[in-house]
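Trainee: Take a look at the following structure, please.
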Amino acid sequence: ALFHEERIVQYVSLPPASLSTPLPSLCASLFSPLLLTYFPPARGIVLAYRDVELSSEPPSPASSQDAQPSRKRKRATHSHSHSTSSKSKSKSKSKSRAEDENEEGKPLLCAIHDEYSSPFLWASASFLIFRPVAHAIIPCHIVHQFSSHVALSYLNSFPVSVLKTQVPKSWTWNTYSNTSTSHTNKYNGTQEGGSEGEGYWTDSDGMPIPNVLEIRIRDFEVKSGGGRAGKGHFGIEGSLINREEELAREQARDKEGRRERRAGK
């Protein structure tokens, strides 16, 4: 499976200016910047989060694994397509807070350390996580075609690259004969032509490849943004051939390389 839902607990600081609105403040400053970025505790890309809960003590293992917390005092729901914080109703919030505290028997307390001006508390949320797996098949849309590789996109968010060595042998690279004009590929609707060296791939029947391709994940790369949320890089290296054919090609290239080295001696 490539998509997982996991509840993660963090011990975080709350800015003093956010003491009156801890939930929306933490959602905006802590959880929302994680969207579409690689989050090491989740071991994947965060697509969405929901059921945010604040507590004075770390939740028990049973409650932290539960994707649907029973307490409804401090929650917020977020999604990939709408990553804005849920606005609380100030009047009803102030009334329900006292009622909820009476129901649970204790208010939300934050810990203050001598060397820090910000109080600390526990924040937990249920994350929707995308974890790439080697050899998994994913549908991708073509973004651009090159003689050296094919650039694609998965979920309209994640870049995928397929090198020339990973395309079927029956495919052929075609350079536009008239580079002074551009035209639209009637098979996938992409704008093509107009620059020297541009072209398109065709299959064994001489037809342009479709706009959507089933890609096998070979590997993926994650680069940190240096501590800046949303500034990292994530890319998938894909293949359009099966694993057996890929191994056969690698063995043939190794054999050819050894032959060239012997000839050079």
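Cβ atoms are placed via backbone N, Cα and C, with glycine included.
When I checked TrEMBL for this same protein, it listed these features:
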DOMAIN    11-57  domain 'RNA polymerase Rpb7-like N-terminal'
REGION    55-105  region 'Disordered'
COMPBIAS  70-81  compositional bias 'Basic residues'
DOMAIN    132-241  domain 'RPA43 OB'
REGION    184-203  region 'Disordered'
REGION    228-265  region 'Disordered'
COMPBIAS  242-259  compositional bias 'Basic and acidic residues'
Trainee: List, by number or range, the same-chain residues at least 6 past the region 'Disordered' (228-265) whose CB is under 8 A from its CB atoms?
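Mentor: Same-chain contacts beyond the ends: 33-38, 45, 132, 135, 138, 140, 150, 152, 154, 158-163, 165-168, 213, 215-222.
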Trainee: Mind tallying the region 'Disordered' (228-265) by DSSP state, helix then strand then coil?
Mentor: 22 helix, 7 strand, 9 coil
Trainee: Kindly state the mean pLDDT of the domain 'RPA43 OB' (132-241) in the predicted structure.
Mentor: 82
